[in-house]
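Notes to accompany the following structure.
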Amino acid sequence: MSDASIHSQVPENEASFGDYFALLKPRVMSLVVFTAMVGLLAAPGGVHPFIAFCAILFIAIGGGASGALNMWYDSDIDQVMSRTKSRPIPSGKVTREEAFAIGMTLSVMSVVMLGLATNWFAAGLLAFTIFFYVVIYTMWLKRWTPQNIVIGGAAGAFPPMVGWAAVTGGVSVESVLMFTLIFMWTPPHFWALCLFMKSDYKDAGVPMLHVTHGRAVTRNHILVYTLLLAAIAVSMAFTSIGGWIYLTVAVVMNAIFVAGAVSIWRRSDAQCEADNHKREKSFFGFSLLYLFLHFGAILAEVALAPYGLGGW
Amino acid sequence: MNFPEQHELHKRRFGRNLGVALALAAFVVLLLGLTVVKVTRGDFEPASVQQGATNG
């Protein structure tokens, strides 16, 4: 192959290293890193700091790999939605085949390395997380049912469980509750986003709840899930990873979150259009702070425990 | 012997190649670190030796 033929095959918008990194969904990865780290640090029993670092890194790479496989499979949808149009595949910088190869390679690498660094239970849980996100959510549920985000949300809820398992080699009430917290948080978080990104999903033909059942039903669902979430979030305060700090944060944050959900529930479409979905947008923004502070409070309990301040 | 002039393609892909090289180097360092930690802690010792160490 001559230089000229190589040159002719180079796409116009050639990918940089950053474009390949973008396949791993860095913003989602930051949530994975944070929750996995909290799960790992809150787990009983110690782990060497370097092994803890490696475990969090491999969990993050596994999460990123599933993001790349999601972009590979969903490139047709991403092309239609304005929110995802600039992703590496729809923008023509990375090919689908490249995304698939990167996703598969990093998936296998992250699972094997987590197994070697910690234990094979944690590695199996990470493999299941990747499988759940790519096959169950992306390939199956996303284009089939308006409950896609409810069941698919489990994929994003596994990282703290994997972190916990990396230390203990198993699951416990605490790790299941951390999983449930993210699992129940995902629907109100995502449906709030959907309420002000209406046309995007409709154009892409993704059966999101507000597209198939309307915005009023979506508001009802947001309220119900927020109430269930509040019960779980507060109850977690009375387990071994809870304490006064967590309880205070949980009560305050859930009171605000429930008030936000009630206020969205009482609104009509006309009111939403009139103020350009102001409350939905602020509810969505607050949901990010909500999750960050809950896991931050667990971390604070762990950090202060040696000084007799954390825990019960 | 003269080396051919570097193609424009190589210059353009320098950043990407450098990124891959650094990622691979970081992976090697990570493997080395893991090995040192595991060997130091005695993770690769036979179970009987580990049991003996635990019992003192």
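Cβ atoms are placed via backbone N, Cα and C, with glycine included.
Unlike curated records, TrEMBL annotations are generated automatically.
Annotation comment: TrEMBL describes A:28-44, A:50-73, A:120-141, A:148-170, A:176-196, A:217-238, A:244-265, A:286-309 as transmembrane segment.
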Checklist outcome for this item: With the cut-off at Cβ under 8 Å and a gap of six or more residues from its ends, the chain residues touching the transmembrane segment (A:120-141) are 55, 58-59, 62-63, 65-66, 69-70, 73-74, 103, 107, 110-112, 114, 147-148, 151-152, 154-156, 158-159, 161-162, 165-166, 169-170
Checklist outcome for this item: Outside the transmembrane segment (A:148-170), at least 6 residues beyond either end, the same-chain residues with a Cβ under 8 Å of its Cβ set are 28, 31-32, 35-47, 52, 55-56, 59, 63, 66, 114, 117-119, 121-122, 125-126, 128-129, 132-133, 136-138, 141-142, 176, 178-183, 185-187, 190-191, 206-209, 295
Item to check | Range from A:28-44, A:176-196, A:217-238, A:286-309 with most C-beta pairs under 8 A to the transmembrane segment (A:244-265) | outcome: A:217-238
Next on the checklist: Is it true that the transmembrane segment (A:286-309) and the transmembrane segment (A:50-73) have 3 or more CB pairs under 8 Å, sequence gap of 6 or more?
Outcome noted: no
